[in-house]
Amino acid sequence: MARGNRSTTSSSKWRCCHPSYYLKRPKRLALLFIGFVFVSFFVWDRQTLLREHQIEVAKLQKELTDLQNLLEVNNAQGGTVGKIGLGGKIIKSSEDAPDDPIDTQRREKVKEAMLHAWGSYEKYAWGQDELQPQSKSGVNSFGGLGATLIDSLDTLYIMGLHEQFDKAKEWVATSLDFNKDYEASVFETTIRVVGGLLSAYDLSGDKVFLEKATDIADRLLPAWDTPTGIPYNIINLSHGRAHNPSWTGGNSILADSGTEQLEFIALSQRTGDPKYQQKAENVIAQLNKTFPEDGLLPIYINPKSGTTGYSPITFGAMGDSFYEYLLKVWIQGNKTSAVKNYRDMWEKSMKGLLTLIRRTTPSSFAYICEKNGGSLSDKMDELACFAPGMLALGSSGYGPDESQKFLSLAEELAWTCYNFYQSTPTKLAGENYFFHSGQDMSVGTSWNILRPETVESLFYLWRLTGNKTYQEWGWNIFQAFEKNSRVESGYVGLKDVNTGVKDNMMQSFFLAETLKYLYLLFSPSSIIPLDQWVFNTEAHPLRIVPRNEMGDADNSNEKHKPFPRLGGRKEGRSD
């Protein structure tokens, strides 16, 4: 239509919309203004009411969330503990987070690493204790007890590697022999062999593992035949003669003597024979008689008198797992009154731990000192990096304020331990670190032997807070292992984390702990849930079984049900 031929209707519409139409008619203008004000007020009032309603709803939702989290913090019986992060921030639990594709991909990468490590062991060191990847040979560093094979059983099962698990089980049934003229470490044999066999039994339900665990435990028992019941740390598996290392001056070592309780209590539960539990728990009873108010014990104990000698106090080597087991026996006993003494001792020790905390300059990294007499040493072992996970795991037994304090400390220490890795050229941590004013941290002993402690703590913190940052840190550590430690025939440690020079040993705990914790870090929380399982210090999961009020372990052998085999659509099968 041409612009000069508008219809009457369109011309009228144009006129009533032009300002001059109203300027010539004051009454119409006034009415229009009144109408505009009325409509504007009505719309503004509705928007104000809507905003106020939304604010009230948000407040109610926050109050509900806070109440739910307070209940979780105060719930000392549940497996999911307080979910309060740094600064009082409420953090969603990983149990509420669905499995995502990135987690699945990363889990499969870790699984492939396990297959590479296991396949190399199977090819070059089958049945021997550990693989030497560079020379493609095996070595019996634990007297020929098949340490790597037994240490790996539960990792294979959890990852759904059924063919590999079944082949290893056949070796245990037909070839594993403990009648050896070998001076065994009671501690190492308990955590790796007894713990590994019991975990395989709890997961699979196959009694061959329980029978073998009972055999080796019986060979260890004479070590507890001392005037106090505090065990000697070395025993001949064939002849039963026990003694302590010469370099301890005849003393027993704190961690070596106080890190058999989980395994021996579990063995009594599974067999119905109380002798294992009685031997192990008597040690704690003896130590509790003179337990200091700060809960910190020197690393040397006289097995004849039960007194502690002048020696360092540390959460690193020779002290670490004693404190870990005080907490975990409480969890293993389902946090009942029968195991309250363990929790009480642990809380005393955590008060002591707080006195060992210092922070660096300029970056304020928190770290745990070692104590020698009345002085503190600014040194921390990477082994002590289990402590963040322990603190997070134990925080739920406190009230809200204390729970927040210890969880916050756990997160600070985890950041320090992660930076043990990030501060080196290889992004792998050294064995220990020193702290100097104005310099933050520096590597002391510079080797890395594939240790799991930092990854262990990242696993616990992720499970208990749902903060995916811990997954990212774990993934970075895994990639550093892949880059620096993976070789053609397995994985090796580094002689120096600064230069990357490799050694020739694949430690059994790399398969038992490091790879398992990495795998679980990217797995749903329904895989080995923390309210049903407790990990020994070698990362072997044991079922939680309640204790009766007398403190005796209930015999769960008749009711034992195997954990479902994994390997569904998401996990994949390798067999």
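Residue numbering: from 1, along the chain as shown.
Cβ from N, Cα, C; glycine included.
Pulled from TrEMBL, these are the features on record:
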| type | residues | note |
| --- | --- | --- |
| ACT_SITE | GLU188 | active site, proton donor |
| ACT_SITE | ASP320 | active site |
| ACT_SITE | GLU431 | active site, proton donor |
| ACT_SITE | GLU453 | active site |
| BINDING | THR537 | Ca(2+) binding site |
| COILED | 50-77 | coiled coil |
| DISULFID | CYS385-CYS417 | disulfide bond |
| REGION | 547-575 | region 'Disordered' |
| TRANSMEM | 28-44 | transmembrane segment |
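Positions of TrEMBL features highlighted on the structure.
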residue	record	contacts (Cβ under 8 Å, 6+ apart)
GLU188	active site, proton donor	PHE142
ASP320	active site	ALA255, THR314, ASP381, LEU383, ALA384, PHE386, ALA387, THR537
CYS385	disulfide bond	LEU413, ALA414, CYS417, PHE420, ALA429, GLU453, THR454, GLU456, SER457
GLU431	active site, proton donor	ASP381, GLU382, GLY444, THR445, SER446, TRP447, ASN448, ILE449
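When Cβ neighbours within 10 Å are tallied across all protein chains shown, the highest count among the recorded positions CYS417, GLU453, THR537 belongs to CYS417. Across the coiled coil (50-77), the model assigns an average pLDDT of 42.
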